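Participant: Okay, these came from TrEMBL:
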type    : residues                          : note
BINDING : D:101, D:166, D:181, D:182, D:192 : alpha-D-glucose 1-phosphate binding site
DOMAIN  : D:8-262                           : domain 'Nucleotidyl transferase'
């Protein structure tokens, strides 16, 4: 067990805004392929890696995440020996430049300093990937790095990952620089905002950041430390998604409609845990036609669904056609509606509008609770 | 079971400040007689009354309360059938005049409207008392009131209860007015900020308050409704404490050093639940002298303790003398120290200072984490 | 321990031999049903939803899976301070050796000390193998209103079938005046559902006497109820009218599953005000491939469908390969149907694999085929 | 179910007859200790703290209290998705009837199916009646490093007492070369603590063989270990040096309680990095009245002291009236000592009331007095 490290799960920097969805909940609380929340992935990675002391930093609108995470029992974290702590920040005006992760850490410094572990693993709540942190920690300790930084090599850095940081590496995988992705080239190493270091260095960097500027984020202070610290890159392989825009969110979901990709990501030996709701199975009525889709429980399907993700308790009426779309829980699509390339938020009722189609790459977005 | 009502536990109005203690946590998270938190009392009252859907409104610095309440399992609330929801407000600048309970309700209106119960019982998180809410609800329904308001008759309204509201009643127990206690007379009926009404009326009043003024609290709108609604007072008897100042906090604790009062309040048929920590029993060393005190687990006592409350994991050194004081958890009072009439917050180390005494009625207060 | 108003005891000892190979390794109450549930989820969820917080589960046969399944009372929210699900198997005592439960009443008698520890006013006796939703709290209210010593839940059965059941004959006010086990000429169509509420003090006395009676079968229906009627105790019938199914045979288990395809099905598992709780794992949604063709189906999360599914119930983690066909069938958790295989009018047991191009079941068979072992494929 | 590295089985079947009336209604592992704990809290907390997530508790005698106590695995944090505490009593199977556990090894043999369900690489066998703290994960690391088939925890006992124990004779590298049960002339002072780690595959084979052996007592010490030594298997001794106490008699149970008054006591229940978890109720702090005089004491929450307490351990909810005296004694949960009563060198059982002015126990008695029934007062 990785009792040598505790985990920190961080919320997204204040400059990241996901159109629509983000108005109602933090990115960590976004529904992912209809069934999970984005934060389930970093939490499960930590739990599966044997980390049982975890700090989750919550920013604005914490209700849905607090409810979802609860006591953390469903993440398989021993409630006596382990502890999943939810930490808040007072400075939570979503757009304030002072609303940084450094501010959040400073406000909870007493909690950080009291952790008995020697190492910390920091991971973001707005990315989806699979990573054995125990292995990452072992490599970090063996290599003797000051900081190990997880990155992913992508070839779509022009269109996507626009709010992420890009890592420049030297031949020894030493991090030369960390800068915002400006979309200047296709091939980039994207920082996964995931770090391993000693607890002491972590706290020292937080304090240093605070001294230098009240608006610094942790990534900023890492960027400034490239010259003075031994920061090493560690390449992540496999499925990776950064939920930093509606486009990214949509694409990240759609990629998992590929059976091979999904089967490689969801493996029995590395379960992803989530809060379950005892929803009954899904009922496919006569006349339903469903292909290449992920369908959650307690849906009732009377119409056609293609290349889509259907959330829990969703109703698809007779003759309705859903294509290339994501329908979140409790939404009700009435008979004969045509929806293509859209993200329908929770509790939406599509009653009178008969067609929702986005012509651009960016999907159409329908607001939570809307009646159309 | 009182499935007919859901519960709402509210945080203290923004004009209430408890010196010292309040800098570190909301009143609901204050330690009470060393073992409980203030919020345990309203939560246990609800749970014992069979209410299993509860909203707890959290204001500033929610961490300690979120951790303490967790999933609510220890409050005996069925985790599947019941639900203890923690609700937050964005507008949480502690001193902002907009930081009212109405603002909090408005921000979570969707959650309120979704509750399936017909009635609501609203209780504050900053008062300590015992009340069967099922009985209150039954009486409310039978009498056909619009609102039932719980009050307590006190005879120290000049010195205490200064931030509370006073209720004027007519012969039929109809509420004539609800006004801030100005300390004008000894005998007053103090409002316990506890109401029963229909869910529909509750929501209507919230919306009305919001329309009338952005700074209104729920008590304000109740006060304004005395003429138009049938608001009936219901007298509470037994132990009652409003934790609205350091004096009130101190007195509320000390009153329970009276064995008769304590035994009447803590009864097997109405348990108060709390988050437990598996602390071992307390060790009384040779030379320890303890009288008329409440002592929590995992303390080590080598000195003298009189008329005091000793928290968990507190150490009282050899020859130290503690009189009429409250020592909160993890504090360490070294050999030979003399403490009288003081409230020592958590994690304090009294090492060099040899005497802490308050000469006035108001106890001395020593800040959390201080080393003296 | 705090006093409990009503405690429930679920009789879950049944070997369920009419379910054949399905109960080789699990007790009958642990058999899967409805895409994601186990039979015992129904009485346990009913308890949780009715506010019955302490539940004893009486079992003696192959209890490991059932035991570890129900011991995690959290599944039904029954894991707070004053609630719990307790598995009660026969045990050695200071004054008696280890002995099997000799009958339904004896199972309770052997656990009088357990019941006493909670000091309940009433005791609810349930069976572990029925599919239904029932508010036991309402039944308790009726029991109290009637001032009954025992209340027995009954349901109306077609008169011509009544001679297959234990029939309660009542007076005009719901009081039972006679009980006939499988009467040749039934006088009423009210069949006992095997659900009883007793005032505990009364039952306790009867059980102590029954234990000493060498001629007793120690059974509620055969011994306790007749004695009570004989003694002039007040027994009342509580009429239940909703979905109810005894899933004691392969055919009835299959049927109960198929009932879920009916959109007017009274059981309504989708009703969030009376959920049936179960083990709910955090697996992926159901994956429906481009090659899939689903006609009518009831499918649970974790399933992957590449083939054709017609009028079938598909449980957690089942895989139906492209080109495979599942018709009028029930696939229990983890069942796999490989390419080209055809499953018709069958109940495929947990984790069973139907190999490539294999054909199991007959469209016109009278009985439902139970497939409890892997079926080899053909190339 | 997910594969588990090491699964633990706690042998908790003991009647504990040397504890007399204390075990009339509870199995020995459920006996109270240390102001708030039960004996079985120690192995269970050790498991939780060592990261052993699946624990079987084997019991057959009067298991209702023990059963409902351990079934709530949440007390030890063992109630997450992949963890759990399971009570395993003898049960009927498809191919065998209900039978008692015939020995320590048979208890495991009868539950091979349970162990197999978790498919562990190693199995840890524990006893339910010892007071100690031990990191089983370190013992497992040692077992792996040694490449052992079995590792047995041992502790050094005074050489002159060694002939009362099962003694392990080892070579220089910790390998056990001989095992002697109560040797007249002990060759070493390393006594077995009854704590074993086996590589499951190896043990499983031996258990299957042992079950068929009509001459076996089905006991680890008498049968399994000697067979392994005979077969040339690698058995290693893992030395433990810390507080350890077998609380099998009233005197040793009293002593173990009294040890807690020693400020250098190695058990150190106050160590928050290795907590012993137990049922922790939300009762009031201990109330020490104006009339109280406490000399040395170890007192738990919920107790109310109005009289004199000297060198004693006072459990949850005990009440000592003004004018009463408790000297060199242990008062178990809920014990009440009324005005003027004097309790000396005694162990007062749960909920026992010592009446007004009654005197129990002797200052100079050789043995500790067990007071298991109410003592009438005198006016």
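Placed from the backbone N, Cα and C atoms, the Cβ positions cover glycine too.
Quick caveat, the model's predicted, so the values are computed rather than measured.
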Participant: By a simple count, how many Cβ atoms lie within 10 Å of the Cβ of residue D:181 (alpha-D-glucose 1-phosphate binding site), its own Cβ left out?
Facilitator: 12
Participant: Do you know which of the binding-site residues D:101, D:166, D:182 has the most other C-beta atoms within 10 angstroms of its C-beta?
Facilitator: D:101
Participant: What is the Cβ neighbour count of residue D:192 (alpha-D-glucose 1-phosphate binding site) at a 10 Å cut-off, with all protein chains included?
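Facilitator: Around residue D:192 (alpha-D-glucose 1-phosphate binding site), other Cβ atoms within 10 Å: 21.
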Participant: Give, as a single whole number between 0 and 100, the mean pLDDT over the domain 'Nucleotidyl transferase' (D:8-262).
Facilitator: 87
Participant: If you measure every Cα to Cα pair among D:101, D:166, D:181, D:182, D:192, the residues listed for alpha-D-glucose 1-phosphate, what is the largest value in Å?
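Facilitator: Between the outermost Cα atoms of D:101, D:166, D:181, D:182, D:192, the distance is 24 Å.
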